[in-house]
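J.: Take this structure first; my questions come after.
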Amino acid sequence: MKLTLWTYEGPPHVGAMRVATGMTGLHYVLHAPQGDTYADLLFTMIERRNHRPPVTYTTFQARDLGADTANLFKDAARDAYARFTPQAMIVGASCTAELIQDDPGGLAGALDLPCPVIPLDLPSYQRKENFGADETFHQLCRALAKPMPRTEQITCNILGATALGFRHRDDVAEITKLLGLMGISVNVAAPLGASPADIARMGQAHFNVLLYPETGESAARWLERACVQPYTKCVPIGVGATRDFLHEVAALTGLSPQVDESALRLPWWSASVDSTYLTGKRVFLFGDATHVIAAARIAATEIGFEVVGMGCYNREFARPMRAAAKAYGLEALISDDYLEVEDAIAAAAPELILGTQQERHIGKRLGIPCAVISSPVHVQDFPARYSPQMGFEGANVIFDTWIHPLVMGLEEHLLTMFREDFEFHSDAGPSHHGGKADLREMAEDAPLADAARGALPPGFASPRDISGQKMEAEAPPLPASPVWQALAERELKKIPFFVRGKAKRNTEAYASEQGVAEISVETLYEAKAHYAR
Amino acid sequence: MSLDSPARGCRDTPVLKERGQREVFCGLTGIIWLHRKMQDAFFLVVGSRTCAHLLQSAAGVMIFAEPRFGTAILEEKDLAGLADANTELDREVARLLTRRPDIKQLFLVGSCPSEVIKLDLARAAERLTTLHAPHVPVYNYSGSGIETTFTQGEDACLAAMVPTLAATKARDLLVVGALPDVVEDQCLSLLAQLGIGPVRMLPARRATDLPAVGPETVFALVQPFLGDTHAALIRRGARHLPAAFPFGEEGTTLWLWAVAQEFGISRAHFDAVTAAPRARAAKAVAAHAETLNGKSVFFFPDSQLEIPLARFLARECGMTPLEVGTPFLHAAITGPDLDLLPEGPVISEGQDVDRQLDRQHAARPDLTVCGLGLANPLEAKGHTTKWAIELVFTPVHFYEQAGDLAALFSRPLRRKALLTAPIFRPEISRGPGQSPGGQP
């Protein structure tokens, strides 16, 4: 039993729903009690889908448990076929139905429905959403895909995109375009946008492009064996990874990896002088392993950030995650415990978080800007505009998205120079964000006398109360913390909020190291010089 | 009372009872508002990852940094040995209460999996109450989907508290049902002006404010879904004051009048106190009734608020209900509203969602009230919808909210009108005689 406030992943049957809802002509009969229909709203509300997920819930109640839930399932499956006449059906159980052990696969098989019926075995008490999607797609391929003659032209399948995926819709479009530039057309993209009939002709492709290992790797591995289709291992998120991907495809096909890069802007945007203020900014990354590993490479080598922490919530990918973190001299955080992630972020005191919807909340609490790079995401991360993460346009989108939450470069300088301005101060938030600035009292500046008595000036150490207390509380305590002199405290307060936490920690660490008991203004600047990069 | 009762109401209308796939939440969802209402309570669901996922999805994915609810997720090993599950539960509760010393009441909330494996949470609650006495009483109720539908979760929660309430011989008015704080204050203020008191609330904002109950207690419900709580209070000797629910000018007046009569308030005093807010409510509703008048409405079952709301829309906004679906029909509780609802609509209880969608399609209502899973798909087919959950998450009771309640229904119709209005093509041109310098 484990206490959970927020979960990064839903249960495995939600993963199966992501496959079914992304496809056409497939219907999912789910043995489940009333209430499990909440999952429909993930698709109709968060993703704004204009149709109901193709799912029939058997909706058993307490009074059915003593009677005949098996017949309830059979009726539901029969009615679902009659009403929706799908090309194929998947059947399975949610967490509660798993406990009553009705065997949906066996029951549906006995109905002799005039379409393929694929049973799903998704252990709800051991596995989670990504596993459910991956396994469902894998089973669909096993049941429907067969080896067949290759297409005359070089074609590939694109694997792994599902409903409710982070930017999957646009990633598939971008990669299709990119492959088109190499002269490769797409045979089938699945699950998103495919029908069971499409899955049945996947064997025609020359190779597979695996975009999302979390939801497509099992299918890719099975197709490699059964249909002798190699698959790509490089996920094309970022400039370097996209070029690597093109070379990988070139090696598989013998085509040239040189494509038109005239629409790629990230490298110049990073190199232009305005981006100097990005250099060395401390970033913490958390999300699914694929997106975090790719984002770390972009952060470190394509924008020039310093990666100070990274991790993923999907334990299945702990190994590659740990290896990637090691390359940045870090220990990966593998956890699906929201509070543990929050503690790790507080301790690392980054200047930018790249995470999921969860980290966006952590960022808000700690007063640290955050951009979203991975599922789970909320309705605002399903934009109307074309907004891929993959390929060259994806790299452009990523630059804009990550930079947006930060205070702009020149603004940062002005804040450093004139931080006591009552309208334009470090607590007001970046000026390109609306609805944030709260005017300070003009005379709020703490009188020296207060500071001398030992009281911390208001707003000390962090711009927002909660985050301040939180940061103080969560940061590992330093042995015999040195005492701040009043003047040094005032000086610290003049440092803009986005670096103040780091400056405070560095100064205290430096003072402890040097055996300085009282921090003076001089100590502050000695520490600054000591840590200067 | 501004309007006469209809010649025939819906109390005797035969009910279309359906069962099949239900597009509704389970009772766990009530935690979303209950944990805000009771500010020193923590709700611990003992369930699966699905329960945790439901709660965060229904709450609009994590609107609170650290909420006062959580899920103790059952794992494989908990299913194997129930003794271990109890030990684990005790451990998690102890850890939680250490971490959150501000918690003064704890609810163990049963779920589908905990019911199916017969994890005895009532026993666990007793055990934990003794363990953490006297600081934190531990209650237990089921919010499982196999037993409860959406708002029934609140009913189960309140019903679980009733047996533990202190006994009293005082003649108190007990107002039952979770109200938004602003509405609760308005309700108390109206009752005070009428000279009715003392008034106690269930649920109370804090554990220390919990009401007492006894044979002299009279209670009025402000939510129509409180069937079990109603029964539990009657078992404690309290007496129910049946009334229409306080939605709209008429509903609020009838509700208050039922209470006022019980406390011997004169009609003249009642009218003097209510005249001004009644006029305000009528005026606010009239502004939206212009949009709603003559339009038809179709309710999918959701919160059990459907009967009183249909009454409000029919009698104060001039709408025609075609079907009023509700998860459960408590005739004893919604009787006064059924009497007032003019005959005509199909009254349906339970749900077979595909068949109900067929009926809705055939009826082509001007406005469809439905859950989040159905709203966008219906909009995409050209229907105008109002998502029902907003009716539960918005202050809609009593006089000052009557206009807001009508607005919830008129906004989708106004939006549709705006988005489908004849195309307006603004002309963007300086015109012939103008040049940038301003000289012709």
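Every residue, even glycine, has its Cβ placed from backbone N, Cα and C.
Predicted automatically and left uncurated, TrEMBL annotations should be read as such.
Per TrEMBL, the features are:
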| type | residues | note |
| --- | --- | --- |
| DOMAIN | B:26-373 | domain 'Nitrogenase/oxidoreductase component 1' |
| BINDING | B:Cys26, B:Cys51, B:Cys112 | [4Fe-4S] cluster binding site |
J.: Near B:Cys26 ([4Fe-4S] cluster binding site), which residues of its chain come within a Cβ-Cβ distance under 8 Å, counting only those 6 or more away in sequence?
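T.: Same-chain residues close to B:Cys26 ([4Fe-4S] cluster binding site) (Cβ under 8 Å, separated by 6 or more) are B:Leu54, B:Cys112, B:Gly143, B:Ser144, B:Gly145, B:Thr148, B:Thr149, B:Phe150, B:Gly153.
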J.: Are there residues of the same chain, six or more positions away from B:Cys51 ([4Fe-4S] cluster binding site), whose CB falls under 8 angstroms from its CB, and which are they?
T.: B:Leu28, B:Val45, B:Thr71, B:Ile73, B:Ser111, B:Cys112, B:Pro113
J.: Can you tell me how many other Cβ atoms are located within 10 Å of the Cβ belonging to B:Cys112 ([4Fe-4S] cluster binding site)?
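T.: There are 31 of them.
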J.: Kindly assign B:Cys51 ([4Fe-4S] cluster binding site) to one of the three DSSP-derived states: helix, strand or coil.
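T.: Helix, per DSSP.
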J.: For the domain 'Nitrogenase/oxidoreductase component 1' (B:26-373), would you mind checking the mean pLDDT of the predicted model?
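T.: The answer is 94, the mean pLDDT of the model over that range.
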